[in-house]
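Colleague: Got a structure for you, written out below as structure tokens; questions coming shortly.
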Amino acid sequence: MPVEGGSSSGSTSATRHPKQKRKAHSLSIRRTNSTEDRLPGILRGDMLEGQDSKLPHSLRNNLLELFGQIEREFENLYIENLELRREIESLNDRLTGDGQAVDGGDPTKGALKAKASHSTSQLSQKLKTTYKASTSKIVSSFKATTGSRALCQLLKEYVGHRDGIWDLSVSRTQPVVLGTASADHSALLWSIETGKCLLRYAGHAGSVNSIKFHPTEQMALTASGDQTAHIWRYMVQLPAPQPPPDVSALCDDDQDSSDREEGEVDGDGPCEVPTIRVATATLKSHQGVVIAADWLVGGRQVVTASWDRAANLYEVETSELVHALTGHDQELTHCCTHPTQRLVVTSSRDTTFRLWDFRDPSI
């Protein structure tokens, strides 16, 4: 027995080490397979008394007790795993048995057959739910509910720019037009209903990064990579509205447009539209790209945001710089004004945005 080996003399302990280790390992396996045959901590301590160790006796006992607790935890996990496997096998056997009973049963026992089929379906559904619950939730969230079908279709495609479009805006006054700002150094005004280009502004020497319309007049404000912001007036006349086409006509139009070559532009393009090349007012003072601009309430002042880390406030009538808003640590990315209050928000690459209040006369 391992206990007897632990009580052997010190002269023979060295020759018995391999044998003791093998017995201890075998005993560990036996305890893993059976929960009843556990040795107390004192026996495990006696079992290793014959081994050379410089550890104090109390410390060795503590280590053996900890190892025993770890072993018991693994044993419990192992037993739980075996029980789960038996449950799965039992469910599979019940599924197989119910299926065979239904197939080979008496045709006259319709109620029993229906009950067995229902039980089989329930068990199968329980197994499937374990693995498909989360997936079914995701899929069901994208399914349209009955009676609330969403309708969406392409109405108009606006073709005319030669490069990427950075910004767009809708005028607040009549006639209502759509404005776009593009990297092709131009800003275009469009008829929303017909998709026709009505006017082209080509006064900037760089990419046009933003466009905003005056709140009460036919004026537009554009910011550009040429380090300036332009204010320019426009006069447009909307074409006569056309009756909306049906869905089949839209499909035919999409097919025809897909067959066109890239260089071909139809009558909606800016080839024959009026062009403005001179601004009513040019706002200068930035030392970097002007990335955005907007009108303050009332339309008598504008604010611009630039990559030079500053936002500037200008008088529209005189084009003079009224105030420079500084404080951001990196390039500004956008600016926006409140529709009814003299408030401005600026955002920056420094991960912050700031609110500026112009209602205080001290500013």
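Placement of Cβ uses the backbone N, Cα and C atoms for every residue, glycine included.
These came from TrEMBL, pasted as-is:
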COMPBIAS  1-13  compositional bias 'Low complexity'
REGION    1-43  region 'Disordered'
COMPBIAS  16-25  compositional bias 'Basic residues'
REGION    97-116  region 'Disordered'
REPEAT    158-200  repeat 'WD'
REPEAT    201-232  repeat 'WD'
REGION    244-270  region 'Disordered'
COMPBIAS  251-269  compositional bias 'Acidic residues'
REPEAT    283-324  repeat 'WD'
REPEAT    325-363  repeat 'WD'
Colleague: On average, what pLDDT score does this prediction assign to the repeat 'WD' (158-200)?
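Modeller: The average pLDDT of the model in the repeat 'WD' (158-200) works out to 95.
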Colleague: What does DSSP give as the helix, strand and coil breakdown of the repeat 'WD' (283-324)?
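Modeller: Each residue of the repeat 'WD' (283-324) counted once, the result is 0 helix, 22 strand, 20 coil.
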Colleague: With DSSP as the reference, give the number of residues of the repeat 'WD' (325-363) in helix, strand and coil.
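Modeller: Helix (H, G, I), strand (E, B), coil: 0 helix, 18 strand, 21 coil.
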Colleague: Can you break down the repeat 'WD' (158-200) into helix, strand and coil residue counts using DSSP?
Modeller: 0 helix, 19 strand, 24 coil
Colleague: Where DSSP helix means H, G or I and strand means E or B, what are the helix, strand and coil counts for the repeat 'WD' (201-232)?
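Modeller: Secondary-structure breakdown of the repeat 'WD' (201-232): 0 helix, 17 strand, 15 coil.
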